[in-house]
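Participant: Here's a structure for you.
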Ligand code: DGJ
């Protein structure tokens, strides 16, 4: 389909070329009223029908002005009468602003033409609609430089993907200093921005603040582990602080595993321009004539029903389109990282398999530490790059472990970090030219390691073979955890030589090249995306991965906040949550927190008491029963941990006959009192039995509503006391809500 679009694109360019040649002077843009002011509103081009990019509830509308420029004239709920899109205020917001002319706010695109001219004057050429994709073609009024704005809509989910494609036929290379995937304009009474920031072991902390006049930037310059400090997501409320279930909210993210930038520019008229795309930091693109440069897609949903609906839209979109095999059940693993770190051998691992069997899990996931011969991986100082078994730890090889796991009815998965190298490795000595590092400066280590140069096709080939050869040799390997434990600093590619400008972008494309090649051969192998915790969590990579590791912080109290943040953008089936021994919370609390997303274990099972083992095995059975509801149901966040010393959320299935509620107290105060919580998403006329499940060994429910039947109307108006009894910190409840037929 892309190819067809490209052919049409050239046809459009040819037409405009002819038009431009015929009228030597392009139409005038609207002039500012006063010198230094922003340009006045444009008159719409007579007879031009607005271009409507529509989903079931939302419309993004563009108009062409009499000056030939493209304007965004609407972004909001769909109007009943489409003729009225043209009845609003005169179009004022140029859709995709080229730098260097009269608009001096943040541009969408900055280029330097082959002759050195640093300006771009984009005019509408034509547009095409093919299925759910609309492409609007723009061209410079003088230069043979064209921009295609792509919009792909997912009507049922109210989600739109938008990206930009650039071509030119100038005499020499053109330098693109920056180009956005998307520019959106807003005129609202009170912009509030929710961002998701943090650091290692404190990922996805939510923070909301008003957007005042001026520029605000959310970005990353970290390259390989781009989301460690700032995650590539935002929610924008247009009428004051965002609310959970009502109010206009736009949720946006860039599908890009690299440096991103979201720029929010509020001007003197209180209009907001949101420019989203690859971070231009040290990333000029030199584009040869006839070649195309395509940006990654910006993905957004808009709703008038608050943050909750925005999240549900993205979850449903992700399950169908955004995440690899998003409609398939996931495996429930026992991972050994927290339990052993690198201190294990063959016998110890085989012993751990029994724990996985006793818990009733699907998979044993062998983490870091199994490789390296001359430089054994006994800690994080050595071995990265040498992907052969450590013969002292695993004398019979991985194949033996795969077979032993199989005998016990378990699948076997493996940890890899194939983009990295320790100086203490055979790879480092064999291929010094494969490593990103600055000339004439000392190497800078993080976690004692360096980044391989994935800009180099030979390195892509090597990384591909690390995975491919392993899977070919030990064909029983059924799962991969792909880790990446350092950001890029001091980035310089020996392969790129004097053309370092494209390093960050080429690296990400190199990463995708490897994954795309692997996915052709292993289309359904489950893979976990990990980057020293949640340093890489984006919908660019999740086209190739089935799930991701959100954080190395598995203290369940902290996890309530971390998983809450991820729930804004990702469905529960993709958010890995393992029961570990970290923190001081009870096993029940730790289990209930892990169960609200994709459950797994990383614990020494033989240290559990018989009661704890029984509780855990029951929890795994319960999770198996509930995982379609948790993973793919409608999420309603009921009480935010950011607003109270407790948190509650629920999942409801598509028929509204089954729901599950998770409730947690956090760091509560003495004699704190909590109100009943109205549930959401149920059928008001339905009758539901409320049953507390996952009870700790030897306890029974103290909730007076336990095992009683209520109407959906009552549950959604009067609510339930989700946190009954004496309130203690770090206590949890799970309620199964099922339809009562009698
Ligand atoms: C960082 C990951 O987040 C952990 O889960 C673990 O795999 C370690 N790396 C291993 O080095």
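Note that Cβ sites are derived from N, Cα and C of the backbone, with glycine treated the same way.
Checked TrEMBL, it gives:
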ACT_SITE  483  active site, nucleophile
ACT_SITE  552  active site, proton donor
DOMAIN    95-288  domain 'Glycosyl hydrolase family 36 N-terminal'
DOMAIN    647-735  domain 'Glycosyl hydrolase family 36 C-terminal'
SIGNAL    1-21  signal peptide
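I'm curious about the neighbourhood of these features; can you describe it?
Facilitator: DSSP assigns residue 483 (active site, nucleophile) to coil, not to a helix or a strand.
For the recorded site, residue 552 (active site, proton donor), the DSSP three-state label reads coil. Around residue 552 (active site, proton donor), the same-chain residues six or more apart in sequence whose CB sits under 8 Å from its CB are 200, 201, 532, 533, listed in sequence order.
Summarising model confidence by region, the domain 'Glycosyl hydrolase family 36 C-terminal' (647-735) averages a pLDDT of 96.
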Participant: Please list, in sequence order, the residues in the chain of residue 483 (active site, nucleophile) that are at least six apart in sequence and whose C-beta is under 8 Å away from its C-beta.
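Facilitator: Expected: 368, 415, 416, 417, 530, 531, 532.
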